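Student: What TrEMBL shows for this protein is this:
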- 63-88: repeat 'WD' (REPEAT)
- 89-128: repeat 'WD' (REPEAT)
- 129-168: repeat 'WD' (REPEAT)
- 169-208: repeat 'WD' (REPEAT)
- 209-248: repeat 'WD' (REPEAT)
- 249-288: repeat 'WD' (REPEAT)
- 292-331: repeat 'WD' (REPEAT)
Amino acid sequence: GIDEPLHIKRRKVIKPGFIHSPWKSAYIRQHRIDTNWRRGELKSPKVLKGHDDHVITCLQFCGNRIVSGSDDNTLKVWSAVTGKCLRTLVGHTGGVWSSQMRDNIIISGSTDRTLKVWNAETGECIHTLYGHTSTVRCMHLHEKRVVSGSRDATLRVWDIETGQCLHVLMGHVAAVRCVQYDGRRVVSGAYDFMVKVWDPETETCLHTLQGHTNRVYSLQFDGIHVVSGSLDTSIRVWDVETGNCIHTLTGHQSLTSGMELKDNILVSGNADSTVKIWDIKTGQCLQTLQGPNKHQSAVTCLQFNKNFVITSSDDGTVKLWDLKTGEFIRNLVTLESGGSGGVVWRIRASNTKLVCAVGSRNGTEETKLLVLDFDVDMK
């Protein structure tokens, strides 16, 4: 790893006084990449057109592969390098509303009440998973199992290799909107205002986390804490073992649509156009991403790493912020139709690339994916 000591045998002296090491060049390269995100020239993005004028509902990005799912009933597999559409996954008879991807496997959930397991290389549908009686709205993949949540108020645990339904989790009394699964526990949030913690093996609900006074839309789970975001404007932090509410995070004015949790730092994006950074151990709000350059309408998606927060919005922009200071750095994407209908629905970033799903509901912006590259040439 990066933190290992530099052993002498790994060094090669190029000229007197200059020691070359793979760690040093990796460090320099990463520093240059970070600088590129901050202030490098924004070259024209690759534009990946597909899905006609339909909405891109879900987006995955892993390695050099991008997968977009749409309410046009299809998913598309793209090369992040060339921008070419490699495959169109056809088979669902309703809109695709959820997806997961790992290696060569893609899983999709649809309004046709099924999940499908696809081979990303060949585009072949390996399994169709039947059982839900309404839209499959959310899913979470862990190793060989995927847990799906549906508008039928149930969750199902599936083996993606055999296509079998292993477990059905019943207890919610309204649509399941979000789910997290770590291989041991399933956590679900629903329109019945409840969050539930399940032992999938025994199909038992271990805890019902009560406190929200409106629909639960978003969840994060790190194995210890459950974090739930609701239309009641609050975010709650719960202890997964006891089921107790540890903190209620207040300050947002509307629905928390997206959250990401890493190492006790939570970043939440809200329909009130703001983004907040929290320490879930203390319940303290560390930063609010606002000011003159803030988003002008609902935040649709976000992602963060140790340096940056990237946010997208219905205002047609993607913004880059400093995680530690909360300062606005710059706009990475600004749609010309932003403000008149152009929206950024989803974003996914790697260390060197940003993928944005953009379009509009009124025809002002064509549905497409934009791929921005922040990599450096170390020659």
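Heads up, the Cβ atoms here are built off N, Cα and C, so glycines get one too.
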Student: May I ask for the residues of the chain that lie six or more residues beyond the repeat 'WD' (249-288) and have a Cβ under 8 Å from a Cβ within it?
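Tutor: 217-222, 225, 227, 229-231, 233-237, 294-304, 309, 311, 313, 315, 321, 323, 325-326.
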Student: Hey, which bits of the same chain come close to the repeat 'WD' (89-128), Cβ under 8 Å, at least six residues off its ends?
Tutor: 57-58, 60, 62, 65, 67, 69-77, 134-141, 146, 148, 150, 152, 158, 160, 162-163
Student: Restricting to the repeat 'WD' (63-88), what is the model's mean pLDDT?
Tutor: 97
Student: Give me the DSSP three-state residue breakdown of the repeat 'WD' (249-288), ordered helix, strand, coil.
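Tutor: Reading the DSSP string over the repeat 'WD' (249-288) gives 0 helix, 24 strand, 16 coil.
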